[in-house]
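Q: Would you mind keeping the following structure in view while I ask a few things?
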Amino acid sequence: MRYARPKYVVTGVTALGGLLFGYDIGIMSSILQMEGFNEYFDSPDALATGVIVSSLTIGCFLGSLLSGPLADRFSRKITIMLGALVCTLGSAIQFASISRAMLIVGRFVNGLAIGFLSSVVPMYQSETAPPGSRGRMVSLQQWAVTWGIFLAFGIDYGCSYIEGARQFRLPLGLQIVPSVILLFTMAFMPFSPRWLVAHDHVGDARQVLGRLRAYGHTSAPEVTEELRLIHQTIAFERATKASSYWELLKGPNRRRTLLGCGIQFMQQFTGINTLMLYSPTIFRSIGMGSVQSIAMFQAINGLVNVTSTVPAILWIDRWGRRATLLLGTLLIIVFYLVLSLLLRSYDALTDLTSHDSVIFNLGPRGLGIASICMVYLVVASFAFSWGPCGWLIPSEIFPTHLRARANSVTTSTNWISNFAVTLTSPILLQIAGWRLFLAFSIIMAVNMALIYLFLPETKNMTLEEMDSLFAGSVWAFRPATLARKSGNCHSADTAATASDTTAADASLDSYELTATV
């Protein structure tokens, strides 16, 4: 890491966890349409399809709950390596599946791994990134997720030309490659400096910060100042606060917990996984018949997702989290509304008794193409807004002593919501059709109001400054007098533990290296 930009090396390696996450999400969508899969597994119906797909999310839910204690006890780094190892096992089981039950077990095991990775990787990136580029670093994780989805769609498209069981076994088995790479490369990455300080390895934390911020110069002023702030904050938290799940429901932490869980819940009810997992069903319903054409449209869908995440990587630290989410939400509302009307018109046009209900009279082919374009526009709007922000915001708003537990709770909220969406989507698409996307449009309007009212801006703030941001009022916009009052309260709390933090600061210069990073 000496001659490269260390923050990008660390973020790039850990982002392989995001690639695995995306690959697992995307791989089943086109496999479910493959002739080889349906012949081998006896053409699963809508309920069986929902169980196969959602078994991954149940594993993700449990894995994310387990990730908090593991990341606190054994470190963020070791938990990521454990996730890679478990993912290798789950992928091997899926590759060798000889029954639906074995396939479901394999996806469940993979889910445990993705639960670890989806919770801990953004937290690790947030704790190792400098404040001014934290949004970009964590957004690279989401970009890796989109690359994983795109690669899954592309590999599915290529394998659709293969006959027999190899048609679906090859894409399932290829998951092993990035998981093995992540397992071995992660061994060379540093531990989180904040985890090191929390476990009294201050000298090691200085070494890590020196490598990440100043190319190995541990005495650089920015390294000393950041280490001082981290150490002071952790000492304050130790002196005044307990570290347990119950703390997430007390005082200002309750607001942060509601925001973090709410963001993850709302991300799933953007309907993105309905579009990414079941868009082949939508494409088939509007006249796209062959497996190859459906796989091709899915691959394009994945490419749109990849390219549309780039603006967030480049500018999210300039735009801010609030503006990015509000703009993306507004666009999703509009595009979902148009999509629902296009699908309604297609249904009416193909029903010879309902031509009076046609809203857009473009002909069946024109309506089909326009509907596909709306799907792509919804995905693009999600990709630069809810995609990165849904993982970034929960990873940065919690105090160090609660961050791992808080991220396990917020991520588990994401996965249980994901489970509900993926299990019910194929059934709702059959029953409700275009009305499902109208419902998503209404849900997004509610999400927009909640974001506007309750989400404060966190760009360019250090992780240690979040306490003052979330002190006082729950509203995103606070009167100046209230903000000053909250700041005074926070200052009083800090003064109450001045002796503890002063002693902590004094220990920095005398602390000797106690472990090897």
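Cβ coordinates are placed from backbone N, Cα and C, and glycine is handled just like the others.
Straight from TrEMBL, here's the annotation block:
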- 10-459: domain 'Major facilitator superfamily (MFS) profile' (DOMAIN)
- 12-34: transmembrane segment (TRANSMEM)
- 46-66: transmembrane segment (TRANSMEM)
- 104-124: transmembrane segment (TRANSMEM)
- 144-164: transmembrane segment (TRANSMEM)
- 170-191: transmembrane segment (TRANSMEM)
- 291-316: transmembrane segment (TRANSMEM)
- 323-346: transmembrane segment (TRANSMEM)
- 366-393: transmembrane segment (TRANSMEM)
- 414-431: transmembrane segment (TRANSMEM)
- 437-455: transmembrane segment (TRANSMEM)
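Could you place these features in context, so I can see how deep they sit and what lies close by?
A: When Cβ-Cβ distances below 8 Å are used as the criterion, the transmembrane segment (12-34) is approached by residues 44, 49, 52-53, 56, 80, 83-84, 87, 107, 110-111, 113-114, 117-118, 120-121, 124-125, 140-153, 155-157, 159-160, 167-168, 171-172, 175, 178-179, 181-182, 185-186, 188-189, 273, 276-280, 284, 291, 294-295, 298, 302 of the same chain, each at least six residues removed from its ends.
Sequence-remote contacts of a segment are chain residues at least 6 beyond its ends whose Cβ falls under 8 Å from one of its Cβ atoms, and for the transmembrane segment (46-66) they are 24-25, 28, 32, 83, 86, 90, 100, 103-105, 107-116, 118-119, 277, 408-409, 411-412, 414-416, 418-419, 422-427, 430.
Sequence-distant contacts of the transmembrane segment (144-164) (same chain, six or more residues past either end, CB-CB distance under 8 Å): 15-27, 29-31, 34, 36, 170-171, 174, 178, 276, 291-292, 295-296, 298-299, 301-303, 305-306, 309, 383, 387.
Within the chain carrying the transmembrane segment (291-316), a Cβ under 8 angstroms from the stretch's Cβ atoms is held by residues 26, 29-30, 33-35, 135-136, 139-140, 142-143, 146-147, 149-154, 156-157, 160-161, 275-276, 279-280, 283-284, 324, 372, 375-376, 379-381, 383-385, 387-389, 392, 459, all 6 or more beyond its ends.
Below 8 angstroms of C-beta separation, residues 270-271, 282, 285-286, 312, 316, 357-362, 364, 367-368, 370-371, 374-375, 377-378, 381-382, 384-386, 388-389, 433-435, 437-438, 440-441, 444-445, 447-448, 451-452, 455 of the same chain, each at least six residues beyond the ends of the transmembrane segment (323-346), sit close to that stretch.
Same-chain neighbours of the transmembrane segment (366-393): 118, 122, 126, 134-135, 138-139, 141-143, 145-146, 259-260, 263-264, 266-267, 270-272, 275-276, 279, 282-283, 286-288, 297, 300-301, 304-313, 316, 321, 324-325, 327-329, 331-332, 335-336, 338-339, 342-343, 345-346, 349, 360, 414, 455, 458, counting only residues six or more beyond its ends whose CB sits under 8 Å from a CB of the stretch.
Listed by sequence, the residues of this chain that lie at least six past the ends of the transmembrane segment (414-431) yet keep a Cβ under 8 A from its Cβ atoms are 46-47, 49-51, 53-54, 57-58, 60-61, 64, 111, 115, 118, 264-265, 267-269, 271, 273-274, 277-278, 281-282, 285, 390.
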